[in-house]
Amino acid sequence: MEKFSTHTGIGTPLRVSNVDTDQIIPAVYLKRVSRTGFEDGLFASWRADPSFILNVEPFDRGSVLVAGSDFGTGSSREHAVWALMDYGFRVVISSRFGEIFKGNSSKAGLLAATVEHSDVELLWKKIESRPGMELTVDLGAKTITAEDLVVRFEVDDYTRWRLMEGLDDIGLTLRHADDIDAYETTRPSHKPTTV
Amino acid sequence: MGRTLAEKVWDQHVVRHGEGQEPDLLYIDLHLVHEVTSPQAFDGLRMAGRPVRRPDLTVATEDHNVPTIDIDKPIADETSATQVSTLRRNVEEFGVRLYPMGDLNQGIVHMIGPELGLTQPGTTVVCGDSHTSTHGAFGALAFGIGTSEVEHVLATQTLPLRPFKTMAIEIDGALRPGVTSKDVILAVIAQIGTGGGAGYVLEYRGEAVRAMSMEARMTMCNMSIEAGGRAGMIAPDETTFDYLHDRPHAPQGAEWETALDAWRQLRTDDDAEFDTVVHIDASTLTPFVTWGTNPGQGVPLGDEVPDPEQIADEDKAASARKALAYMDLTPGTKLRDIAVDTVFLGSCTNARIEDLRAAADVMRGNHVADSVRMLVVPGSMKVKAQAEQEGLDAVFTEAGAEWRSAGCSMCLGMNPDQLEPGQRCASTSNRNFEGRQGKGGRTHLVSPLVAAATAVRGTLSSPEDLTPSVLTIA
């Protein structure tokens with residue numbers, strides 16, 4: 001995973017709440033067996049509308065998505081994270097995220113930054129006042145800067161550390177293989193097996 | 001202080017307590033795999049040269065992409081066929097057991113775990129599918145994961161997990177005839193919202209829950225994710241043990257007794273404290289249906305489509321306006337006046353034998369309205385066989401419904417069973433998101449009883465609306 005410390009890019013306002021992962025990428029786009037190439041599916045239904053924000057210059061070149069509350073609810077499809085990243089987003093900002101989406105983001109290297117909803121409103125106003133405005137997201141300081149506006153965001157410290165170090169979760173866990181071996185000797189014999 | 005059920009199961013699975021900000025590492029007892037969220041995970045293993053650590057705790061099936069008719073023929077859609085053949089290649093290479101299309105044990109991944117007796121009280125269960133919460137009905141800690149986590153579990157049989165909060169959903173009183181656990185969970189979601197459970201494991205408790213069958217409990221736990229919950233759980237009891245007894249993978253002989261002793265400890269201690277408690281009075285509930293595009297946008301069937309202008313919260317009002325535009329509904333319309341052209345009885349929420357029996361009781365001697373197409377899709381081949389043995393298939397086909405083979409079917413637009421743009425469906429599935437059942441399709445989430453009555457009348461209805469009135473005990 002690529003290390004993440006700070007990121008600067010165009011802010012794209014998505015003034016919609018309850019954006020479920022079926023909207024981020026409809027099921028019909030999940031049939032790929034590779035890990036890349038999902039950008040076509042990103043918001044596929046909404047992109048059919050010419051006025052949708054990703055069809056509007058310069059927001060179509062955004063890399064920081066500022067969304068309404070409850071972003072990424074519903075299906076566990078990590079493809080939603082891949083589609084956002086394949087399109088070019090590195091950060092999504094919302095006041096609340098779907099739990100599985102947030103977990104998936106942290107694994108794939110997309111920063112899901114949680115801010116107060118009032119701050120989402122401020123960011124929307126700011127980036128709409130001057131389309132193309134770049135936001136700077138500083139993971140170390142946990143701040144988002146849009147010109148003179150500075151907003152704090154929340155991300156759990158473990159996720160922050162992993163993103164900043166670009167660490168692979170499986171590699172981290174396998175350092176504790178002895179603990180897993182030890183645990184397995186204690187499992188009750190009535191636990192099921194699939195064979 | 002006492003512990004909640006969820007905390008007990010968590011504690012039993014800690015491989016290693018995290019230091020500082022590091023999360024605890026939890027052992028996973030059962031990993032369910034399907035064709036959509038696993039190919040990139042197996043690829044990851046291959047690239048890193050890692051094996052599946054415990055193929056004996058892993059099981060796979062084909063469900064999301066599979067057609068539900070002509071299942072003896074090759075899958076026509078090329079990309080769906082590739083996804084299924086990729087899974088078959090992967091399980092072969094990594095030594096994982098698969099129940100493929102056509103197998104007597106094939107079905108939706110959340111159907112087959114319980115049916116095979118693999119889902120057991122006090123286990124940790126994961127799957128690359130958000131409706132893994134279904135398995136919590138057995139007192140398992142069960143939750144959906146993404147593909148990176150699928151790879152993690154395949155490689156290590158563990159997951160680093162952030163702690164959760166606990167929420168008690170106390171469902172007191174008894175449900176009235178004709179009111180099901182589907183109505184209860186839709187009412188819960190409408191009350192706490194689609195994000196209300198975020199960060200929580202929900203435990204369903206109370207008199208109404210104790211009285212529910214395993215099937216009804218699974219329906220409720222299944223939709224915990226629709227309330228934003230990490231998982232949903234119900235303490236195991238005699239109903240649970242009776243369901244599991246003699247299932248193929250349930251403990252046998254002396255092991256069964258040992259297991260029972262352990263399972264009986266799996267209940268929230270009297271002095272345990274939940275972070276949040278929500279109360280629902282079951283005796284006041286009536287059939288519940290959704291009018292909008294998220295599962296929290298629901299009302300009792302007897303109500304009208306709400307007016308966004310009457311919603312105080314501006315965010316919710318905006319969401320309602322957008323939903324009504326998509327659903328092509330006008331505020332003030334009686335729900336019972338809404339005509340549908342499709343009825344879908346299926347999905348991991350409501351395609352168990354009890355759901356089919358309840359719907360068949362309503363359909364018996366009735367006919368699907370001329371304007372309606374009804375699909376009946378058993379959740380598993382086991383349920384299909386059982387239903388056919390009981391003659392339920394004949395009830396449905398004689399009523400003019402389509403009787404199909406097992407799969408996710410019209411719950412999500414990934415296989416041939418899809419709505420056309422603009423079509424309106426009463427669906428026993430779990431999500432009414434825009435386009436969920438096919439691009440441009442409109443979904444009303446309902447119980448199997450409401451689905452059946454709606455199929456007969458052509459408008460959203462409950463069995464009470466039929467002449468002569470049909471009222472089945474849920």
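First residue shown is number 1, and so on along the chain.
Positions of Cβ are set from backbone N, Cα and C atoms, glycine also.
Bear in mind that TrEMBL entries carry predicted annotations, made automatically and left uncurated.
Keep in mind it's a predicted model, so treat the numbers as computed, not measured.
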- Check TrEMBL for me: it has B:CYS408, B:CYS411 binding [4Fe-4S] cluster, so pick out which one of B:CYS348, B:CYS425 it puts in that same site. B:CYS348
- Since the record lists B:CYS348, B:CYS408, B:CYS411 as binding-site residues, which of them has the fewest other Cβ atoms within 10 Å of its Cβ? B:CYS348
- Query: Where does B:CYS408 ([4Fe-4S] cluster binding site) sit in DSSP terms: helix, strand, or coil?
  - Reply: coil
